[in-house]
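Chemist: Pasting the relevant annotations from Swiss-Prot:
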- 46-62: disulfide bond (DISULFID)
- 50-64: disulfide bond (DISULFID)
- 58-75: disulfide bond (DISULFID)
- 55: N-linked glycosylation site (CARBOHYD)
- 77: N-linked glycosylation site (CARBOHYD)
- 1-25: signal peptide (SIGNAL)
């Protein structure tokens, strides 16, 4: 009788572990809490580039964005972004 109980517990454990593995291995679908279709962040490229190391900056209203170790960056107008500021604002 003891072996019968052990087999039942082992089968239950295998099914439980398999269920947990299946649930964790599937990608979770994240839903937006904000149902609006308007984007709060709408970056537009400005017609210029920037090189901060040579003190070549973007015009007013545009922000310099560099990728990795590149010397030259692209200027973007960040419409609708209220979190931009200089590091000294912290």
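Backbone N, Cα and C atoms are what each Cβ position is placed from, and that goes for glycine too.
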Chemist: Here's one to test understanding: among the recorded positions 55, 58, 64, 75, whose C-alpha is closest in space to the C-alpha of residue 46 (disulfide bond)?
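Modeler: It is 75, whose Cα lies nearest.
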Chemist: Using a 10 Å cut-off on Cβ-Cβ distances across all protein chains shown, tell me which of the disulfide-bonded residues (46, 50, 58, 62, 64) has the largest neighbour count.
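Modeler: Compared across 46, 50, 58, 62, 64, the most Cβ atoms within 10 Å surround 50.
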Chemist: So for residue 55 (N-linked glycosylation site), how many other CB atoms are inside 10 Å of its CB?
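Modeler: Here the count is 7.
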Chemist: Translate the DSSP assignment of residue 58 (disulfide bond) into the three-state scheme.
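Modeler: It is coil.
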Chemist: Any idea which of the recorded positions 75, 77 has the thinnest Cβ neighbourhood at 10 Å?
Modeler: 77
Chemist: If you measure from the C-alpha of residue 62 (disulfide bond), which of the recorded positions 55, 75, 77 fall inside 10 Å?
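Modeler: For residue 62 (disulfide bond), the recorded positions whose Cα atoms are within 10 Å come to 75, 77.
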